[in-house]
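Asks: Please read through the structure below; I'll follow up with questions.
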Amino acid sequence: MVRHDPFTNSVSEDSSFTPSVNPSTPYPQSGHYRPYYPPQLTYCQGQQGYQYDHTGDVGYGGRSRRHGSWASVNNEDNEELTPLTTGPASSSTFLTTDPYLSGGPDLPLSSSSASISSAGADFLRRQTVPRRGATIKKIKLTNGNFIADYPVPGPVSSSVEAKWLNDKTSNEFWHMRYTAATCDPDDFTPENGWKLKTTSYNRETELLVAITSYNEDKILYARTLHNVMLNIRDICNTKASKFWRRSAEEGRPGWQKIVVALVADGLDPMDKQVLDVLQTIGVFQDGILKKEVDGKKTAAHIFEYTTQLSIDATPQLVQPHPGDPNNLVPVQIIFVLKQENSKKINSHRWLFNALGRQLQPEICVLLDAGTKPGHKAIYHLWEAFYNNQNLGGACGEIHAMIKKGVKLLNPLVAAQNFEYKMSNILDKPLESSFGYVSVLPGAFSAYRYKAIQGRPLTQYFHGDATLAARLGKKGIYGMGIFTKNMFLAEDRILCFELVAKKGEKWVLQYVKPSKAETDVPEQAAELISQRRRWLNGSFAASVYSVFHFFRLYRSGHGPIRMLFLHIQAIYNIFSLIFSWFALANLWLTFSIIIELLPESANINLFGTADITHWINLVFAWVYLAFLMLQLVLALGNRPKAEKGLYILTLWVYAFLSFYLIVCSIILSVVAFKGALRDGGSIGAKLGNLFNSTNGVLVAAIMSTIGIYLIASFLYRDPWHMFSSFPQYMLLAPSFTNVLNIYAFCNLHDVSWGTKGSDRAESLPAISSSKQKDGETAVVEEQQRSQGELDESFKQVVRRAVAPYKPEDADEKPNLDDQNRTFRTRLVVVWLLTNAALAISIQTLNGLDTTKPLVEACLPNSYNPENGTVIVSTNGTCITQALEHDGDKLQDKQQIYFQAILWTTFALSMVRFIGCVFYWAMRQMGRCWRRN
C-alpha cells in the first residue's frame with residue numbers, strides 16, 4: 001500500500017470530486033424534506049486539490065488514500081483524521097465565490113478587516129432593522145413562554161448526509177429552536193413549560209460536553225468547538241469500545257448520545273464574530289432575540305440545532321464530502337446566550353440545573369472556550385468513568401500552547417509551560433493515587449452527573465451572585481472576605497465536597513492520556529491578574545479542606561482509602577505551611593548563599609573580599625527594595641497601568657536568581673572536591689559531604705533537579721527540562737515575590753456582582769394577545785422567506801470565514817491610573833531614600849574586620865577545622881580586637897548623630913527665635929496701637 005504525505009494535494013483521479021456550485025435541485029423549503037443527497041457532482045478529469053485542516057494539532061497523525069480506501073498511518077489511538085475543508089482549490093455549495101479569499105468580487109475589503117467594535121454595531125443593526133413587506137406569523141406561547149422553531153438556511157440543511165435523514169417525521173435538521181427563557185435556571189423545568197427540543201427525541205444522553213465562554217474571539221471559540229466535534233466523530237467511529245460500537249450496531253448512532261452545550265456569559269461582552277460562526281453552522285440566527293416577553297425580562301436566549309458543519313481555527317468552513325469516512329457526524333448543540341454577565345458559576349447553574357436536569361447525562365465534560373482538546377481527549381475521560389463506577393470526577397493533562405516551540409522564546413510562556421508539565425508529572429499523579437485531586441481545572445475536566453447532585457452542587461452554587469437575595473446569609477451577602485475568596489477557586493470546593501459527600505465513596509482521578517492545550521498569558525500584567533484569583537482562591541480552598549477534613553468520616557470510604565486521605569491531608573498541611581512562609585524562606589536562601597560563598601569557601605567572585613562584600617550587600621538591598629516596591633504597587637495600582645515597573649522587577653529578580661544559581665553551583669563543586677579529598681570509605685565521604693553546610697545545598701539541588709529529570713523521563717516527556725527549565729529557574733523568585741504579594745495585597749478583590757447589558761436594551765420586546773377563544777396567547781412576528789434567509793446567510797458565511805484581525809488591546813492608563821502612578825512613584829522614592837540613609841549609616845564600617853583581628857591574637861598552631869582545641873591566648877588582645885571594630889563604627893555613627901542633634905537644635909532655635917520675635921513685636925505694638 002502506497003502512503004502519501006497527508007498534507008499534499010495529490011489525490012488519485014478516480015477518487016476526485018467537486019460539489020456542484022449550483023445544485024440542480026433548489027434548497028428545500030421550510031417544512032419539506034430534501035429528497036436528494038449528495039448534490040450533483042462534477043467529476044474532474046485532472047487532479048482535484050484538497051486542503052487539510054492542519055493547524056498544528058499536537059499528537060495528530062496523518063492519513064493516506066488510494067482508490068477510495070483509507071489507511072491508518074498509525075494505530076487508532078494515535079491517529080487524528082481531520083475532515084476535508086473547502087479551500088481555494090475546491091468549490092463550495094454555500095457561495096458562488098471563494099469565501100476565504102478576502103477582497104474577492106463578492107466580498108468587500110472592509111468585511112474582512114472589520115474591527116470588533118464595528119462588528120458589534122453591525123450586530124445591533126441586524127437585530128432591530130425592520131423588513132418591509134415581510135410576512136406576519138402568529139406564534140403560540142407555551143404556558144406563557146416564547147418557544148419557536150425557525151427554518152435554517154438551505155445550505156445548512158443541505159449539508160447533512162443522507163444516511164442521517166431516516167426519520168421523516170422529525171424537523172431536527174430543518175429547523176432551529178429558539179427559547180426566550182425568562183426564568184431562573186432552577187425554574188427551567190418541563191413543569192413550568194420549559195422543554196428542550198433535544199429531550200423530545202427520547203434519546204439517552206451519555207455525554208454532555210459544555211463550553212463556557214466570556215469574551216473569547218472567534219478563533220479561540222472555533223478552535224474549541226471544532227476540536228470537540230472532531231472528538232465526537234472519533235468517539236462514534238471508535239472500534240475500541242463495545243459500548244459505542246454496540247450502540248451503532250443497534251441503530252442508535254453514538255452522536256445521538258452526546259449533547260454539546262455552549263454557555264456564553266453575557267450578550268454585551270460576547271464577541272459578535274463568534275455569533276457569525278455559530279450562525280454559519282446553524283446554531284444561531286439574527287433578528288429573533290427577544291428582550292422581554294409580556295414584560296418578563298429574558299434571562300437567557302437558548303438555541304437548539306443538530307449540525308454537521310463546523311468552522312476550524314483557520315478559519316475555514318468544514319462540511320461533509322460524500323463518501324468521506326472522516327466527515328464530522330451530526331452534533332446536537334444547545335447554545336445558551338445569557339442576557340447579562342453573571343459569572344462562570346451562574347453559567348454552570350444553567351448547565352447543571354437547567355439543561356442537566358432535563359437531559360440527565362451520565363458524564364458532564366467542562367471546557368473553557370480557547371481550550372483545545374486533543375485527539376480522543378473526551379473519549380479517554382469517558383473511558384475512565386466507564387471503567388470505574390466510583391469515579392466522581394476526572395481531569396486530563398492541560399499543557400501550554402507553544403505553537404511548535406515558537407512561544408517558548410517568551411520566558412514567561414516557557415516558565416508556565418514548565419509549571420504545567422511538572423504539575424502533570426508530579427502533583428496530579430500523586431493526588432490521583434490518593435483518590436483526591438485537589439483541583440479539577442474548569443478549563444478541562446469532567447464529573448459524573450449523579451455524583452455532584454445534592455450538597456456538592458448546593459455548596460458550589462452558594463457563590464452565585466444571582467442567588468444572593470434568595471440564599472440570604474448562606475449566599476455571598478453573608479460570607480466573609482475569606483469565604484468569598486474561596487469561591488474564586490470554586491472548582492476546588494466542588495472537588496472536596498464530592499469526595500466528602502455523606503455516605504458515598506466517590507474518588508477523583510487524573511487521566512494522563514486525555515490531553516488539552518490552552519493559551520497562557522504572554523504579558524506580565526496578564527499573568528499577575530490571572531494568578532491573583534488562582535492563588536487567593538486556592539489558598540482559601542486549601543484552608544477550607546484542611547479545617548473540614550472531619551467531614552470525610554461521614555463519607556462511605558473504606559479504611560484503606562481513609563488512610564490514604566489522612567496521609568494526603570498531612571502532606572497538604574505541610575505544603576500549606578511552606579507556601580505561607582515562602583516569602584521569608586526565599587529571602588533567607590538568597591541572603592545566606594551569597595554570603596556563604598566568600599565566607600566558607602573563601603571565593604570572591606568580584607576580585608577582593610571588600611568588593612565582593614559590597615556587591616553582595618548591594619544585591620541584598622536591591623532584593624529588599626524591589627520587594628518593598630511590590631507592596632506599594634500591589635496595594636494601589638493595576639498591573640496593566642504599571643507594566644514597565646513589573647517588567648523591570650521580573651528582570652531584576654531574574655538577574656538575582658542567576659547570581660544565586662551561580663553561587664549554588666560553585667558551592668556544590670567546592671563541597672564535592674572537599675569530600676573527595678577526605679580519607680575513608682565512600683560511605684564516610686558521602687557522610688561528610690551531606691553533613692556539611694554546603695552538603696545540604698548539594699543534596700537539595702541534586703534531589704530537586706534529579707527528581708524532575710527522572711520523573712520526566714519516566715513519563716517520556718522530558719523536553720520541557722531542556723526548553724523551559726532554565727527560564728523557570730530565573731523567574732521562580734518573581735513567582736513568589738511578585739505574584740504572591742499582589743495576590744495577598746488584593747485579597748479584598750473578589751469581583752462579585754453582575755453587569756447589565758447595554759446591547760440587550762436595544763433588542764425588541766414582544767407582547768402576546770389572546771386568540772378568539774380567549775385562552776390561547778399568541779405573538780406576532782415577521783417571518784423571513786427562505787430566499788431572504790439564504791441570501792443573508794451568504795453574508796454570514798463571509799463574515800465567519802474572513803481573516804480575523806484582533807482589535808488593538810493595548811489598554812491606556814486612565815486618569816485614575818495616572819494619579820495612582822504619581823502616588824506610587826512618590827511613595828517609592830520616599831521609602832527608598834529613607835532606607836538608603838538608614839542602611840548607609842548602619843554599614844559605615846564596610847567589611848567586618850573583627851575576625852582577622854581576633855585570629856591575629858591566636859598562636860600560629862591554631863587550626864579551627866581540627867575541632868575543639870585548647871590554646872593559650874592573649875585575653876587582652878582578643879578583647880581589644882572585639883572592641884576595635886565596634887568603637888570604630890561607634891565613632892563614625894557619633895559624628896552622624898551629633899550632626900542630627902545639632903541640626904535639630906538649630907531648627908528648634910530658629911523656631912524659638914521666630915516665636916520670641918513675634919512675641920516682642922506684639923508687645924511693642926501695644927504702645928502705638930490705635931483704639
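Here the Cβ of each residue, glycine as well, is placed from N, Cα and C on the backbone.
Reproduced below are the annotations present in Swiss-Prot:
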type     : residues : note
COMPBIAS : 7-28     : compositional bias 'Polar residues'
COMPBIAS : 83-92    : compositional bias 'Polar residues'
CARBOHYD : ASN536   : N-linked glycosylation site
CARBOHYD : ASN691   : N-linked glycosylation site
CARBOHYD : ASN819   : N-linked glycosylation site
CARBOHYD : ASN866   : N-linked glycosylation site
CARBOHYD : ASN874   : N-linked glycosylation site
REGION   : 1-34     : region 'Disordered'
REGION   : 56-92    : region 'Disordered'
REGION   : 763-789  : region 'Disordered'
TRANSMEM : 573-593  : transmembrane segment
TRANSMEM : 615-635  : transmembrane segment
TRANSMEM : 647-667  : transmembrane segment
TRANSMEM : 695-715  : transmembrane segment
TRANSMEM : 725-745  : transmembrane segment
TRANSMEM : 826-846  : transmembrane segment
TRANSMEM : 899-919  : transmembrane segment
Asks: Who are the chain neighbours of the transmembrane segment (725-745) in space, where the CB to CB distance is under 8 Å and they lie at least 6 residues beyond its ends?
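Replies: Distant Cβ neighbours of the transmembrane segment (725-745) are 408, 411-412, 414-415, 418-419, 527-528, 531-532, 535-536, 539, 582-583, 586, 590, 626-627, 630-631, 633-635, 639, 646, 649-650, 653-654, 656-658, 661, 708.
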Asks: So are the transmembrane segment (573-593) and the transmembrane segment (899-919) touching or not, going by 3+ C-beta pairs under 8 A with a sequence gap of 6 or more?
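Replies: Counting Cβ pairs under 8 Å (6 or more apart in sequence), the transmembrane segment (573-593) does not reach the transmembrane segment (899-919), since there are fewer than 3.
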Asks: With an 8 Å cut-off on Cβ pairs and a sequence gap of 6 or more, do the transmembrane segment (647-667) and the transmembrane segment (615-635) reach 3 or more such pairs?
Replies: yes
Asks: Within 10 angstroms of the C-beta of ASN536 (N-linked glycosylation site), what count of other C-beta atoms is obtained when all protein chains are considered?
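Replies: Within a 10 Å radius of the Cβ of ASN536 (N-linked glycosylation site) lie 26 other Cβ atoms.
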